[in-house]
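Positions annotated as transmembrane segment by TrEMBL: B:27-51, B:71-92, B:104-125, B:131-148, B:203-228, B:240-263, B:332-354, B:375-400, B:420-451, B:472-496, B:521-541, B:646-664 (among others). The annotation domain 'NADH:quinone oxidoreductase/Mrp antiporter transmembrane' is assigned in TrEMBL to B:126-412.
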Amino acid sequence: MSVGSFTSLFYFDIGAFLFFTMAIAWRKSLFGQVRLLRANAIALFLLGLLSGIYAKDAALIGLSIVILLVRAYGIPTIIARAIPHSGDQWESTRVVNTTASILIVAAITAFAYILTEPLVALNPTKRIASLPVGVSALLIAVFLIVTRRRIATQLIAFALFDNAISACAFVLTEGVPLVVESGALLDVLLLIFVLVALASNMRSQTQSMDIAELRELHE
Amino acid sequence: MISSQITNPKAVESDQIKKRFDPMGRFFVIMICTLSALVAISATTIALLAITRPPWHGSTNLFLAIYGLKLATDPLSGVFLLISGSLGVMVIPHLYGYLRRNHLPTTTVIAIPIFIFTMALVPLANSTPTFFFFWELMALASVPLVAAHPNDQSGRRATFVYLAMTQLGAMAILVALAIISASHPGTPLAGLSALSSRDSNTLRSLAFLLALIGFGSKAGIVPFHIWLPKAHPQAPGPASALMSGAMVSLGIYGIIRFCILSLGTGAKWWAITLIVFGSITAIYGILQASVNKDLKVLLAYSTAENMGLALIAIGLFQLFRILHLPNLAAEALGAGVLILVAHGLFKGLAFLVAGSIQSEIGITDLDQLGGLAKIMPVSTVGFGIAALSASGLPFGSAFIGEWLLLQTIIHLPRDIGSLVLIGPIALGVVALTAGLSVLTMVKAFGIGFLGTPRSKRAGEAHESSTTMSTSIIALMIANLGLAFDPGVINFVILHLSESISGVYPRIALGSRISITTTSSAIFPSIGAALFIVGAIAIYLIRRFTASKRPQPLDEIRWGCGAKELTPKMQYTATSFAEPLERIFSDILVPRRDIETDAFDSLDLIVKRIDLRESPHDAIETALWNRLARALDLVASQFRRFHNGSLIRYLMLGGLGFAVVMVVTH
Amino acid sequence: MSYLSLILQITLIVVISPLIGQLMIKIKSKAEGRRGPSLLQGVRELGKLLKKGEINPIGTGSAFALAPAIYLVSTLVLSAIIPLIALKLPGSSNYDLFWVVGILLIGTIALGLGGLDTATAFGGMGASRELMVAALIEPSILMAIYALSIRANSSNIFKIVHATLSNPQQIASPQSALALIGLVIVVVAEAGRIPIDNPSTHLELTMIHEAMVLEVNGPKLAMVKLASSMRLVILIGLVVNLFFPIGISYSTSSVGSIILGIVALVIKVSLLAGLLAFVEVFLAKLRLFRVPELLAGSFVFGFLAVTASYFLPVIKA
Amino acid sequence: MTNSINQQLHQITSGISVIRSSEATDSDSLLGRVAFYLNEGYRLSLVCAKPLPQTILVTYCLVGKNPDRRHEIQLEVKRERPELPSLAKISFSASRFEREMADLYGIIPLNHPLPKRLVRHGHWPEEWYPMISSQEKPKFESDRQVGYPFQEVAGSGIYEIPVGPIHAGMIEPGHFRFFALGETVIRLRIRLWFLHKGLEKLFVGKTPAEAITLAEKISGDTSFGHSLAMTMAIEDALGITVPTRVASARAILLEAERIYNHIGDIGALANDVGFSWGNAIALDLKEEMMRLNSSLTQSRLLRGTLGVGTVKISDHLDLIGIDRIASKFEELIEILTNHSMVRDRFHGTAILGVAQAKEMGCLGVVARASGIEVDARIDHPFMTIGPTASTLETGDVNSRFLQRVNEIRASVSYIRELARFLRVEEPIAQVSTPPRESGFSLVEGWRGTIAHRVEIKDGIITNAKIVDPSWFNWPSLPIAMTNTIVPDFPLVNKSFNLSYSGNDL
């Protein structure tokens, strides 16, 4: 694989990664969000795979396959369980409305460029140039955690946050040490289990997780 | 002399009758107009000389005992003198017609020539005291223009707000000037440039901010814009035209002269501050314009929008100077100047038409106008051209300036780091502004001039007098001239840019406008020619096929089977604004109140519904009213020290001025 | 020869646009399991309208009378100033993309003013909605132009297409992809297709474009209908040539290359139009106040395209 | 005057009985009597008038559920000065019946808060009342334009959108006047009754068989519902009890009508949000259902099947066909409910609150979508088994859509249950109680509860009153539209899908 085509593919893939992240901020259907999370994780997997093939690093390829299994299959499947299958599967209420969310996401991206400028300037390689994309995915995930009310979306945002960290790692280095990565994975899994338990607990206590839903009506 | 804010129709009616029978003396009006014309013509002449000839300066000790009166010309002052002078010349016939038809307080009428005179002197001032003297004089001369309806509550309030903002601005300018001249006593303004960079940065930054506030309040920069929508509906049409087209631009002159040239290159954040304020002003101004339904208020907000755009251009100019990109800087300055020149022409035209409507109908509320196209054809075409220009569309005079601004933005160099983000952000602002101004102008033109009259008085109106139409036609020609051949002011851009940046901009202005290094070009005449060819083709086809069709019929409009459509069934200006109010509700914070008188508790059998929609300025409500209340609280402690008289305020201002002068000397 | 190709280009657009419009209807019908009208139905309808006598609604003025003509002329002008079949047309060095957008808006405005001039609720309502969409599209469309012009260092539309053609690898970049998505949304909105507007509805209260022209009849309606379908074809043609200018004629000197340009354009436009129609089947119309969400989305795509163009290094293969 | 209340038990079908009672009262105690029954949980389902030589006899039909109770209050007003006290204070629906009677019979409701004309056309002569005058038809001046006095919304910036009576779509005449501010509807006013057919008068003088056929034309899409209601009213008057087999066949056909209309509505809802694919599927299904109807009754619209005490139905009920339709229908619903754009248009649009719906006396799908349990199949049954009851709470377009979905599902399983009664062999219909002067019936048509009341003398109908559920539901549409946006109106209107023809008799 030539440098040019590797970089081009790498950019595309990380662009797709960012696209799916942003689309989660847009989408209202919770199952749709989970699907986007899967797509996001697949983009992450491809990021690792590409780097692995380019660097001819078998460990990296192996790591990306682990990512595919855990992040694209495992975690989304668990999160999907937290969504009430019979009740409301839509995220109608948001602290920030959709249009504003979209524009804020754009602002976050711009901010990520400013934030990472000194880092990129330190080592201006072509791959590092896409660091802002990873950082903006990170910030978007934080934004989602802060502004979303549904537990499921918060879980998704959390998983997204984790994916973004990995993406940044792929951009910055040739891949993270396997141990660190697996440790992080376990952490996240643990947390998600806790949150799922919390969510189902909450659901049983209060029938509706989204009481303020009626406010949307006069829009 | 009727303001749109008067709600009692009977009062309006009797006022109308009184106005018709109580015109001002012919001799007096002729005298005033001649005087104004003389001032305007000489201002224009001096402007042309100032731009093309080498700088001139002179001084006299006649007026100000301490420093003497110092005057000078350079291309920058020439540009602004040209804007006010040429607009003044074109406005005079309308002024004559307006004064012949409407009764105004004598002070207001006398203030007009003085106002034009002082506007001409401000850019000519060559020392800080001289400048401040003329600036204050201009501010004071403009107050009686706003106070044209002293008996009306909203008129008094407008005058008060205008006076307050003017004096607030003047105070800020005073301190800024004091700081500037303290470090360089006696230096002429034209020579101040780049001298100040050795001064302390904190002090310079303070001076920059104060000057920005002071001049920004004159230019209607948000949040200091609140006087614009209040003062303009009060002032007579021609005076509004001058205030909006020329005086407001002098605020930008002040920013260029002091914030950029006198204070030296400055820090990057200065430039960013200018761009941010410009962006906020442009978007907030056009948003308010798009939701307001009074024609003059709408135009006033649109003035703020245009000043915001000009400020963006000036901010880019400053930024490029700091980044040592003289060519781009020259382009940005050229864009800013073109925006200001075009704004003077189209806003002057729009306000003159609004003045004609004010004079002939007495209402400027769009929801009570309509159908003027059939009864006021000249004014309608005039407003159409003004609206086309204000929308920033091809074939309008503002397009060139906005296009140059966009070109400046998209040719940002790649190697300036995160600053490059200014490009997409500024472009987004300019684009949103352009889009909304299209909507605003279509609303103003479509609701106000097309369709059928929404009120009896609008239906009974006539075209304004020939003299008034003369001004409108002159400005129409000027606008079209600038739109199709901006080459007429090419020399302005060239001289200005050479005198400020020392380089010629790469803009080639002519009937073909291009940026020489980038192969971006537009050619309005070719576009117009294509339109004409297309129109002829369609006309010919229609003529050719007409014989094959049945004769055209006149039929009533589609009313879904109902026989008549009433004027209430046409769209209103408030309605046009409503979707935007919804979309931008976070910024505009709309207020609506529905009162229902129902027979039962569930509103099933309703006897009466009343809706009250109150457009308001969210910034005014949130910021200034709160500030005013807080001040009021403080002021109540000191109430016995002053009685609110104008003279005492001015005396205080003068005292402060004298103190600062003595201290800094 | 270059004037001939200009005339060819305009004629081509006039001729194919009713067919393309009908093709979209046909594809939609087929996808829904209906047979759909013949491809020539659009032409027949235009012919029928042209034969009809005009009805002048009482109370309307010259704005109403002129609006359809200005709309059509602006569209004809559009078809003369963008590179559809050839890279060199008379005056092509003056055709800036911002200018093109302005011409597009002039047509919209003319129709909006015509709607307001009818002094009916529908005319005004349609005008208000159309202009609201137009005003909110403006940032997206200019941002997409910005992204494209960085590539060519010029906003001249012919130069942009030329730059793409001479360096096709640039297309395969995230910034191009983002700009493309943004522009496609813009095209859908500008042409009044689902999910923004439903061109096939007859419910006067939900219409945008059709409400504006409710009073327009006879030959004038033919003008509006023709111009609307031309605008769709022009916009689609513009997008395909900005991103996939394959087949466009480099010069206007050879007849063969012009014919190739024509064939390529027809194929490309039919494909994209067909794709749009097919996707439409699975979409519903957005609630009016959700439209800004979509347009904000397209703005963000343009914004990201611009930032990506600045920050991602240029890749040269 | 003292009220003497007669009470009796009556059988509709073998095994199903109702308690009916009646009383006569005077204008002083009318308000009190009606208020008493309303407090008892009855609702006003029908008010009719009958001109007699000296007086006009006004009958208020109140119905209660659990058990099925029907009570009639009768009041005589003088021919020369017809007046009665308005019940507007206690019943919104009464206020509208009063306006109708004022227009058609000239009975003046005293103290009515809104005594505007309702049914009356602007060009009818002043003193001419179509239901009363025995004189010749007056000459109508077709050119006389009398605008309907809509209550305007005051305030600057409001504009009016006049829509109808001629619409772009092929629907019946109705004028909608929107008082709007931009896209927001401040108030909607509806003017219906553009085509007064004089239908109630047409029934007079008909034989029962003719009346049943005529009733099919009351509202084309409710052919079976209305003719069943007419049949049952006649049977009620004649004291006829029908066997369970006939009743179950009737119930099946009623559900068949419900299914094809609801499917059509669901498709139309999809179409109104621009989702034409959904509509295409629904139209396909509707066609299939109508063919099934045709195989059952020789009529796609289920016409010509009913007679007094009988019903004509094919022996073979195609349950497999119904199952096929049901499974295809589930696929359609899967598509529609998972489509985020469709969901966005439906969800939260035009909410009809429970309190308002209740006060207006809403019926059928509209009422049940707003959480009101009202269903004649359960409250006033004519079949021993009823369908599963279901209501939703929100009252928006989405719940009216889902309510239709749920009802189709319930109908399908109800038909399966009913099918076994078809094979029950029983004697033919018989006269079980002595014939009376009047008959009254309540039938849950697909829109809601249809009420018919007939009077029969010597085998000839002497008076008829028809109340389509749309009569009660029309006023709720403007209430739901308040503060909704203008472009959502077609969708909202379709979610109510009220009958013009059934309303404008």
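The backbone N, Cα and C atoms fix where each Cβ goes, glycine too.
Outside the transmembrane segment (B:375-400), and at least 6 residues removed from its termini, the chain residues within Cβ reach (under 8 Å) are 302, 306, 338-339, 342-343, 345-347, 349-350, 352-353, 356-357, 360, 434, 437-438, 440-442, 444-445, 448-449, 459, 461-464, 469, 472-473, 475-476, 478-480, 482-484, 486, 509, 513, 522, 524, 527-528. Within the chain carrying the transmembrane segment (B:71-92), a Cβ under 8 angstroms from the stretch's Cβ atoms is held by residues 33, 36-37, 39-51, 53, 55-59, 116, 119-126, 130, 188-190, 238, 241-242, 245-247, 249-250, 253, 256-257, 261, 337, 340-341, 344-345, 348, 352, 471, 474-475, 478, 492, 495-496, 498-500, all 6 or more beyond its ends. Of the candidate ranges B:104-125, B:203-228, B:240-263, B:332-354, B:521-541, B:332-354 contributes the most Cβ pairs within a distance under 8 Å of the transmembrane segment (B:472-496). Annotation: stretch B:240-263 has the most Cβ pairs under 8 Å to the transmembrane segment (B:131-148), among B:203-228, B:240-263, B:332-354, B:521-541. Within its own chain, the transmembrane segment (B:104-125) is flanked in space by residues 1, 24, 28-29, 32, 35-36, 39-40, 42-43, 46, 70-73, 76-78, 80-81, 84-85, 88, 95, 131, 133-135, 137-138, 141-145, 147-148, 150, 189, 236, 238-239, 242, 246-247, 250, 253, which lie at least six positions past its ends and keep a Cβ under 8 Å from the stretch.
Across B:203-228, B:332-354, B:420-451, B:521-541, stretch B:203-228 shows the highest tally of CB pairs under 8 A with the transmembrane segment (B:240-263).
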